[in-house]
């Protein structure tokens, strides 16, 4: 099967790590162009050293390159505002081009590979939510397939050192996009997301806490569902793991808790603690937050490439 050529817009931490993953591990993908806006960026310099074509003139520079004619999939690792403009420009030049959005822009549907990749594989634009969303939404979905989830809250703690200018510029969009995706993909009636930039030295690994309030159900069934989901995520993010056993608390009907936007709740509270260790392809091992984004985007693109190849075969 011939590989599909891809371009990455954004030569920062995420874009560079993703490029290295594609060059080393791409099964159905061929790294064609790295796009940036800073001619002095380390990402563009590294791409050139690795034999990848580059431009420092942004999406316009990409569209003016001869390589653009053969590109089927574009990853956007810029910012939410920039992605809206990039999508419009690329769509006008190539209506059928596939975009994988690693910003919180969310023009297309949210995609969390282990939960809903199959139903989104033929979309022209998919959004990879956020690092916190990729880590925690599978856990919410794991509870949702056993019991009705009324509320889910996630706290993502990431090393301050791993948060580049793009991440910092998108903090508000991070919380909004993650909260919405907890509902749309995770299956919660109400979702809430909090991000913490931890300045500790040496930097700590990404840690995530997930609280899920659901109807009462078998605790064994919920724990089994969570463990099964964690294994599925590990297939494309090897450093993803449960930090400790799942914990439960029954909230009795005569002592309900009051949830903003939900009302009074009684039922089962499930608490999950996660840790994500990065693969250290370009970034340090503590930057699991960036690794889970690039790994999820890579898994999505691989499936898209297979789908495009099948369609090309059917049309031939």
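The first residue you see is number 1, and the count goes up from there.
Cβ atoms here come from the backbone N, Cα and C positions, even for glycine.
Record check: Swiss-Prot places 11, 12, 13, 14, 162, 163, 164, 165, 166, 167, 168, 169, 170 at the NAD(+) site, and the matching candidate among 258, 289 is 289. Of all Cβ atoms in the shown protein chains, 30 besides its own fall within 10 Å of the Cβ of residue 131 (active site, acyl-thioester intermediate). All protein chains shown were included, and the count of other CB atoms within 10 Å of the CB of residue 168 (NAD(+) binding site) stands at 11. Here residue 131 (active site, acyl-thioester intermediate) is positioned 13 angstrom away from residue 164 (NAD(+) binding site), judged by their C-alpha atoms. Ranking the binding-site residues 11, 13, 162, 170 by the number of CB atoms within 10 A of their own CB puts 11 at the top.
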